[in-house]
Amino acid sequence: LVAVCVSLLGAANIPPQPLNLYQLMNMIQCANTRTWPSYTNYGCYCGKGGSGTPVDDLDRCCYTHDHCYNDAKNIDGCNPVTKTYSYTCTEPTITCNDSKDKCARFVCDCDRTAAICFAKAPYNTSNVMIRSTNSCQ
């Protein structure tokens, strides 16, 4: 209990995240041995936004995920950033469970595909924190 309280105090300066982001992070942990923060500032597309040409296969995973979320917005009333869904994780297998909610199923598939892609793609440490360089213009 003390550890939980201390961790909550340390998190006081962290802005709240959409619930879907937590689901994506958990999927990444399910499919992968690398932790999700490794992907927050990777390449030109991993993290918030993106521009330029993806620098490698892992960055292409993020580029594809961004476009998948854009496609989800074409489903009536679907906001992929806030949409939550049901899935199961039996490491490293992820199964999306929402069969009737088209938006939830689509967003879950976007996140599932990204998590699997991250697990398969090589991680090149020289592509971390490169957005401020000319590589992403």
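Just so it is clear, glycine is given a Cβ too, placed from its N, Cα and C backbone atoms.
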Can you sort out which of Cys61, Cys62, Cys68 is the disulfide partner Swiss-Prot gives for Cys117?
Cys61
From the candidates Asp66, Asp71, Asp76, give the one listed by Swiss-Prot for the same Ca(2+) site as Tyr45, Gly47, Gly49.
Asp66
Selected from Cys44, Cys46, Cys78: Swiss-Prot disulphide partner of Cys62:
Cys46
Based on what Swiss-Prot records, which one of Cys96, Cys103, Cys108 is disulphide-bonded to Cys78?
Cys103
Pick from Cys89, Cys108: which one does Swiss-Prot say forms the disulfide with Cys96?
Cys108
Quick check on the binding-site residues: of Gly47, Gly49, whose CB has the lowest count of neighbouring CB atoms inside 10 Å?
Gly49
Rounded to the nearest angstrom, how far is the Cα of Cys30 (disulfide bond) from the Cα of Cys68 (disulfide bond)?
20
For Cys96 (disulfide bond): intrachain residues, at least 6 apart, with Cβ closer than 8 Å:
Tyr85, Ser86, Tyr87, Arg105, Cys108, Asp109, Arg112
Counting every protein chain present, what is the number of Cβ atoms, excluding its own, within 10 Å of the Cβ of Cys44 (disulfide bond)?
24
